[in-house]
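Swiss-Prot annotations:
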ACT_SITE  Asp235  active site
ACT_SITE  Asp248  active site
ACT_SITE  Lys250  active site
TRANSIT   1-64  transit peptide
Amino acid sequence: MKLPLTFCRLLSRLNRFSVKASPPVSFSTFSYLCSQKKKNSYEAVDQAKYSRLVRSVLSRGPAQTPESLFKEDDVLYGPVSKHKAAEPEPQARVPQHCFPIFNEERTGKPHTDASSSPLKIPLQRNSIPSVTRILQQTMPPEQSFFLERWKERMVLELGEDGFAEYTSNVFLQGKQFHKALESILSPQENLTGGEEHPQCGYIESIQHILTEISGVQALESAVQHEALKYVGLLDCVAEYRGKLCVIDWKTSEKPKPLIRNTYDNPLQVVAYMGAVNHDAHYSFQVQCGLIVVAYKDGSPAHPHFMDEELCSKYWAKWLLRLEEYTEKQKNLSAPEPA
């Protein structure tokens, strides 16, 4: 009797939680289908007018990416530069009056007689400026700065009196060196007792150069450019490896293997060349230059050969320095405004 009673109790509890069935609901689509369709605002657009734009947008072209856009910009506008734009180089100065270095009217050739003496025209001191003076008074600021700094360093090291003695000795050695060269290159004279002179190291330094020099035409001879109004005293005019050159002998304590190490010496050489070619005292024409840097310790000298093209370039620079000097002199002589 216990089992039926328990079962009845369970049924009564389940009846409490039973859910009543909802009445059936019918979904009707008739009203939706029969209702009036709303008009789309885009249908009012003139589609034919924009058909080309639609086709271009919906075309099957490659998708644009940041990389492709950058490449396109590079093609259209060039690559993006992260550096500053380079400043335009200053235009090279050109002389106002381009006087030629060579004399087209001169056809005379140098004499080849070994017994004839080289020209030795003395320098006449007058109001015409010398090549050395012109170059000194138009020295570029950078070159002048380094020269002054060298002087200050030497004075600190040697003192005022010591530096004066040093420069005096350098000048004396250079003078003796040129005197010895004049003796070597003159047919009538010979160098004697070279080893007892201070310049013996310099002479040893240029031995390999002397073997290639012949046909000496002038030694320690004055030149004057009648048209450009300047004078000078050249060291030598002779043939070097078969080319007639104005030769400038220089001494140095430091090696100068490059022509730019000689500073204004090339301008000095071409100034003498132009003067020789237009000086009535000389019948020949010089087309090349040679700078020989000799060393006191006897180490091989450095020869710097200047061909016709290089001489023409330095000649243009010399004309600029000459114009600068002339302009400075005009400014100095001009009367001050009242």
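Each residue, glycine too, has its Cβ placed from N, Cα and C.
Cβ contacts within 10 Å of Asp235 (active site), excluding its own Cβ and spanning all protein chains shown: 23. A gap of 10 Å separates the Cα atoms of Asp235 (active site) and Lys250 (active site).
For Asp248 (active site), applying a Cβ distance below 8 Å and a minimum sequence separation of six or more within one chain yields Leu234, Asp235, Cys236, Asn265, Gln268, Val269, Tyr272, Gly289, Leu290, Ile291, Val292. Under a cutoff of 8 A between CB atoms, and with a sequence separation of 6+ in the same chain, the neighbours of Lys250 (active site) are Lys256, Thr262, Asn265, Ile291, Val292, Val293, Ala294. DSSP assigns Asp235 (active site) to a strand in the three-state reduction.
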